[in-house]
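See structure below.
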Amino acid sequence: MIRNVSKLVGKTKEKKPHLQKNHEDSKPQDTLYKNFNQNVETFRSVYNNCSDVVFRPFLLFGKIRAMVIYIEGLSDIEKIEEFVFSPLMQEPVNEPQSINEFLEHKLPVSQVTRMNMLADCIESISSGNPILLYEGKSEGFSLGLAKWEKRGIEEPIAEGGIRGSREGFNESLEINTSQLRRIIKSPALKIQSMKIGNYTKTTVAVAYIDGLVDQALIEEITSRLERIEIDGILESGYIEEMIEDNPYSPFPQIMSTERPDIACSNLLEGRAVILVEGTPFTLIAPISFFSLIQSHEDYYQRFMVGTFIRWLRFAFLGISLLLPSLYVAILTFHQEAVPTALLLSISASREAVPFPAIVEALIMEITFEALREAGVRLPKQIGSAVSIVGALVIGQASVQAGLVSAPMVIVVAITGIASFMMPRYIAGIAIRMLRFPIILLAGTLGLLGIMMGIIAIVIHLCSLRSFGIPYLSPLAPLKGGELKDVLWRAPWWMMDTRPRLTGESNLYRQSPEQAPNPKRGGGTE
Amino acid sequence: MKNIFLLVLVSGVTLLVSGCWDRVEVNDLAIVTAAAIDKKDDNQIELSLQIFIPKALSSGGGQGGGTGGGGAVTLVTSHKGSNISDALSKLQSEFPRRVFWGHCKVFIFGERLAKAGIQEQMDFLLRHPQPRERAYVYVSEGKAKPILELFAPLERYSAERLREISDLHLGMQVTLQDLDEKLIGIAQAAALPRVDILPPEKGQEKSQGKPYIVGTAVFKKDKMIGKLTENETRGILWIRNEIEASTVTFKLGAEKGKISINPIEATIKLVPVIQNKKWIMVVKIDTEGSIIQNGTNLNLSSTKLIRAVEKAFAKEIEKRIKLAFQQTQQVLKADIVGFGEEFFRKYPKQWKENEGRWDKIYPEIELEIEIKAHVRRQGYINKPGGMPEKEVKEQ
């Protein structure tokens, strides 16, 4: 249905006016001039009204006019002084034959690149690498001295855990890629980068393991990324929405994570990781629905524990989606479906409540969502105040005042806890959101309505694709052997194969029959 | 965008227009916990409903309503009518909440009504979607309505008390569905537990009497034709393999004192035999029990004595079965155990030939009882408790 709607929308959509190009791109003159003054003037006009751009003129070897252009705070000033100005400003003992050669071979800077395009020079300056110009040369030298303040590697906040690495990605792309490289040391880990965003010029890198990944997937991802034409990328969420398969779905078809270990485990299963500069959240594609309810810790704990917790999660997934609506449906349509004693207790506690069950449920659920959102957005000190007020006012006072029945509060509380069981916050939100239409269905059509809601959701899930991978795989289409990582968490010595749909090109990840066994010296006698 | 909006609007309106028609809030329900149906003069019946009062439970709080003078959690309302539905519609017009049968687990037929025939009322209970097939059915001793009006100090209401007693399997336990199956079945006879009220002790109010199960009412077709006492009921329960918690107490030969045995497990086989036009029913019982009291001076850990006890145990069971069977077969002539069905299954041809004569054949069926009784456990002690060793007889 959703797809049809999108078709309808597609038909009625008018052609949007084409995005206006940036002023740099429309500049007539693209290469640098031979004339030093002219070059400097050009740069000055480009960086007109940019007080943070520093133009530092000096005399190269004491005689040639030269200039270093950099942005304050993005370049390492100490190093510029020590390794650029101090060797270049002195008159050398024996004059070098060519300044070019001197700069390229004798300057103690790790990266020196010659550029003759104005746009390249500007990009270099913007990313923190100073540009050196001197008289008589239509080229600029980009010096790799970028350095700016970064957050250190910290514990991932949204994806904590008891066991496992405590390192999280941060906002710096280089640090993020280096973390991947530190885990996967093989040169088969490839990282391709591109710049997206006409103004932000955000670096977006696609990481994958050559030989594990389906090359067509990388081509598809790259082509979808290249299609993006936007003025800025502030978070990977922008990219996610621009490249996912079905934009009209509440379910995320691309997973985001701030944990390098999760990113690497997905790389090893033949998926691609998209890293975006400026955010600790990297994207993983393609995914299936079940990756959203698997947690990294499932794999780090003993497999029985992992399996148990996974089952618990499945159960609470259902509770999170259905409990309030079941309560509403049973209380308004199917009163015979509850045990007598329970119905008597519920009816006693509901006696003074002025609202019908569905209104009660909606009030409580919406209040709960508001509380949750307020708690997330507020500073920590005030957040605790919100939760106290919420617990007291909603939990107790409203029941005592007879506005809400106690069983409803219990239902909402259990549902709230259940929705936080989802290891991926974003999937939890999708489920929480779908709860409301199902409550409405339950209140109007009873259990029948709930079934209709579930069927609609399942049909939608079946129709979803993530970069061509069926969203419910390996359950639909059913791949028996691969349920080892869905229905339960098989012990590591049984996980011989990668998921077939993403890791088909290199199916076996380990040698078989590695179960510890006394005969092989693995276990205890 | 316009299209999506339209779609949402249309589906939303469809939902709201079509749904909700049978929606009832719990606050608007009168939850019936038990129903009693009595026969009145001038060909009318009286329908009495025990209805739960939610307010009583919520204001009473955790103290538990219904204790003595603590206020009843149920009220009883009744109305006359020509049949249940008629009485119900009249009753409903005087009652503020919608009568809800979904949790009515106890139906009691008054004795007069039972004798006059219950088929007409059964139809309502089976046809209406709300009453449960698994509700228990009883016949009252005398009028049925007073049973609903009793307090139940231990349970929430008197119907709950009846249901719990039934769940102990001390008497017959018959659900609406069982009753229906029996009445439409081959034998056309049924049995229902009979409920009486233990009169209140002196100084207590009338409503403090206690309902309990006194035996069995025997139905032929849909009419009650007689009663079985509690002892006779036990015999029926043995054949129907419903015995669970009742103790068998007997004397062992000429010994002083009695032995009580609790049957733990029993497998019962009914083997119908037709020999020389003679219809015989062989009842094979294999039962296991544990001694729960030994009033004799015998040390029952000796195998010889145990064999004797087992024999006496078997004999006692046989006695009970025979007692019950004599009453149902010879006096009441109602096949409440379902022998007819057994014969029909094994001898479908002969059955077909004699189908019309079953009423005549049944009283002449010979009963052969083969009992294998075992005593497997003796409890914590072997020798009779609290008895000097000298007095204990070892052999």
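Including glycine, each Cβ sits where the backbone N, Cα and C put it.
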### Message
Looking at A:52-73, A:272-293, I want to know which stretch TrEMBL calls transmembrane segment.
### Response
A:272-293
## Note on the structure
The answer for the transmembrane segment (A:272-293), taking Cβ pairs under 8 Å and residues 6+ beyond its ends, is 156, 168-173, 176-177, 180, 191, 200, 202-208, 213, 217-218, 221, 225, 233-237, 239-240, 243, 251-258, 262-263, 266, 310, 313-314, 317, 422-424, 426-427, 461, 464-475, 485-486, 501-502
### Task
Could you tell me what the rest of the chain brings near the transmembrane segment (A:405-426), counting residues at least six beyond its ends with Cβ under 8 Å?
158-159, 252, 255-256, 292-296, 312-313, 316-317, 319-320, 323-324, 327, 345-346, 349-350, 353, 357, 360-361, 364-365, 368, 372, 394-395, 398-399, 432, 435
#### Entry: Positions whose Cβ lies under 8 angstroms from the transmembrane segment (A:438-461), at least six residues beyond its ends
1-2, 249, 251, 289, 321-322, 324-326, 328-330, 332-334, 356-358, 361-362, 365, 471-472
### Query
So how many of the residues in the compositional bias 'Polar residues' (A:505-514) end up helix, strand or coil by DSSP?
2 helix, 1 strand, 7 coil
